[in-house]
Amino acid sequence: MAEVSTNALSQDSFQGTAADIAGQIGLMWELIKAPLIVPLLRFAMYICLAMELMLFIERLYMGIVIILVKLFMKKPEKRYIWEPMREDLEIGNSSFPMVLVQIPMFNEREVYKISIGAACNLSWPSDRLVIQVLDDSTDPLIKDLVEKECLRWANKGINIRYQIRENRGGYKAGALKEGLKRDYVNDCEYVVIFDADFRPEPDFLRRSIPFLVHNSQIALVQGRWRFVNANECLLTRMQEMSLDYHFTVEQEVGSSTHAFFGFNGTGGVWRIAAINEAGGWKDRTTVEDMDLAVRASLKGWKFLYLGDLQVKSELPSTFKAFRFQQHRWSCGPANLFRKMVMEIVRNKRVNIWKKFYVIYSFFFVRKIIAHMVTFFFFCVLLPLSLLVPEVEVPIWGAIYIPCIITTLNSVGTPRSIHLLFYWILFENVMAFQRTKATFIGLLEAKRANEWVVTEKLGDALKNKEKTKQTKKPRGSLFGDRILPQELGFAVFLFFCGCYDVLYGKSQYFLYIFLQVITFTIAGFGYIGTIVPS
C-alpha cells in the first residue's frame, strides 16, 4: 500500500513539475514577446517587404524591356555588321580566322565522346581550327580513354591537342589559362569554350564568329543552352523553368540595353585580345566566367547574346549534384560582388548607368536579394507570424506580389506552366541552400572557394548494366540522401502549421503544410534520378 502511494506521489510530482516548467516557459514568452520578439519580427518583415518590392520592380522592368525588345528592336544581324564567312578564291581558307576550341574536362567518363565528337564536327576549315582538350581527370582509366579518343580524331586529320596538368590548381580557370599559354595558340584570334556535356551544332562558328570579325568592339558572343534531358525527371523540369527565364529574359535584356551580361562559362566565343586586356582567367572565386565578363566590361568591351544560337547540354539529374552546383552558383557571385564592388564604383571607362545596372540589378537584386527574400520571408517570417499574431503580414506581400513575380518568371517555359505551383515550393526549399551559400560568399567563409564538378550522367541511365555497376553501398547512399537541415525546417514548418490550425485565423496553414511535404521530400533525397532503395 505504501509502495502504491509512493508511485502515485512521484507521478503527481512529475506532472506538477512539468506543468510548472511549461507555465514558466509560457510566462517568459509573454514577458519577452511584446518588448522584444514583436518589434524584431516587424522590423524583419519591413526589410523583407522592401526586398520583395525591389525584386518585383526588377522583374517588372525586365518584363517591360523584353516586350519592347521583341516588338521594336532590330535583330542582332541588323544592329551589328554580319556577313557570312566565305572562302577566298585567291587566298583560300586564310580568309577564315584561326579559332581555338577549349573543352575542359574532369573525370567525364559518360560524356567525353559526345563533346569531343561535336567539336570535331564543327563546320570550319580544319587548318584554321585547333581543338584543345584540357583534361584534369584524376582517374587514370578515364584519362587513357580521353587521350585515345583524341588520337582517334587526330588520325582523321583533325587538329586536336590533348593537354594535361601536374595539378588542378585554379580548377577550370587554371586549365583554361594554362591552355591559352601554349605556343600553337599564338595565331588564334578567338576561343570558344564548351563544357564536357555541351554539343554544339556544326554551324555554331559560322553563325557566331562573323559578329566578332566585323565588329571590333564585341568581345563575347554567347549562345543559349538547350537541355537534352529536360524531360528526364521533375528535378530537370524545375531547372529548365529557372534557366529558360535566365536566357529568355535576363541575358536578352542585358545584351540589348547595356551590351553586358554574365558569361555562362560555356557555349560562347571570346576575342582572345579581350581576355588578355581584362587580365586573363582568375581563380579567386568559383565563378571565373562571371569574373572575366565583369572585368572585360569595365574595359569597355561589349557582349552579344544570340537567343537563336542554341547549344545542347545536360542538366544535373541527381539532387546531390544539383545542390553542389547551386552552392557554387550562389556563393561565387556573392564572393565576386564583395571583391569587385569598389572596383566597379571607381571605374572611369563605363558610364554611371552601366555601373548602376551591374551593381544594383545584376549583382545585388538578382544574386543576393532574390535568394534571401525567398528564404527569409516565405520559410521563416511568414511561418513565425502564425505564432506571433501581433505581426501581420500584408496580403499584397504574401500573395499578390509573389504571384506576379512567379507569373513573370514563367514566361521562359510556357510548356511547364502547370508545374508552376510545385516550382514555387521547390524554389523555396532551394532558397535555403542558396541563401546559406550567399552568406558564405559575402563573408568569404570556409566553403567560399569549394569547387565540386557537376556530375554528368550522359546515357548511363539508359544502360542497365552501367547503372548496376555505378551503384554505391547503401551506407554511403543513405548518408548522401538524408539532409538534416531540410528535415529540421520541415519540423519547424509543421509546428507552425499545426499552431495555425488550432489557434490561428489565417488560411496560411494550407501553404505551410505543402511546404512541409516539399522540405520532407528533399530532406530524404527523393528528388531527381537514381533514388536508391
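Each residue, glycine too, has its Cβ placed from N, Cα and C.
Please treat TrEMBL annotations as automatic predictions, because they have not gone through curation.
Taken from TrEMBL, the feature domain 'Glycosyltransferase 2-like' applies to 190-389. Positions annotated as transmembrane segment by TrEMBL: 43-69, 356-387, 393-411, 482-502, 508-531.
Summed and averaged per residue, pLDDT over the domain 'Glycosyltransferase 2-like' (190-389) gives 95. Contact check: the transmembrane segment (508-531) against the transmembrane segment (356-387) gives at least three Cβ pairs closer than 8 Å, residues 6 or more apart, which meets the contact criterion.
The stretch in closest packing with the transmembrane segment (393-411), judged by the count of Cβ pairs under 8 Å and taken from 43-69, 356-387, 482-502, is 43-69. Tertiary proximity for the transmembrane segment (43-69) is limited to same-chain residues at least six positions away from its ends with a CB under 8 Å from its CB atoms, namely 248-250, 252-253, 256-257, 361, 365-366, 369-370, 372-373, 376-377, 381, 385, 391, 393-394, 397, 401-402, 404-405, 408-409, 411.
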